[in-house]
Amino acid sequence: MSAKIENVKKELLSDNWYVLHKYTFDLKRKDGGSVQQMREVYDRGNGATILLYNRAKGTVVLTNQFRMPTYVNGNESGMLLEACAGLLDADSPEQCARREAVEETGFQVGEVKKVFEAYMSPGGVTEIIHFFIAEYHDDERHAAGGGIEDEDIEVVELPFTEAVAMIADGRMKDGKTIMLLQYLQIHRIMD
């Protein structure tokens, strides 16, 4: 069933870093009636994320960086352990995933596998994230990583079992990273 909307009005609220619009519209209900709704929609573009793993060592490579929204919402340090990720800009999802792996971790990986894509916060954000995994090897590290421009990213290599345990004990809070770790676990890629 597709939603039927009419009388859509769009108002620009902000275009400082990304774009925030207010939409007012009439939504046809399944009972035949309609209701007027208002939603603010944040458009930051689409992105890609990639989880690097090493079967032989039983490890994954993550990044640790400051994320202001987590700080505002109770994360005292603002630091977040996560799979590397970035916005597509003009790149394809795979190109973006590869670019972010090099920029953030220093690894220039070989084969990359797209595993799925998902809306991460569909109640207010347009962004679709493309999820990738890639096996890494120590000889594929061509740079230190750490990000670009004003990024200050720590590269963290962890045992896969510890990363999964961090989900259960609450230390792993990044949704995209949890999804990718569970993908490896469900598909027994690290066995």
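Cβ coordinates are placed from backbone N, Cα and C, and glycine is handled just like the others.
The shown structure was predicted, so the numbers you read here are calculated from the model rather than taken from an experiment.
Feature motif 'Nudix box', per Swiss-Prot, maps to range 86-106 of the set 23-43, 86-106.
This prediction places the mean pLDDT of the motif 'Nudix box' (86-106) at 96. Closest to Glu104 (Mg(2+) 1 binding site) in space, going by CA atoms and restricting to the binding-site residues Glu40, Ala85, Leu87, Glu127, is Ala85.
When each of the binding-site residues Met38, Ala85, Leu87 is scored by how many other Cβ atoms sit within 10 Å of its Cβ, Met38 comes out lowest.
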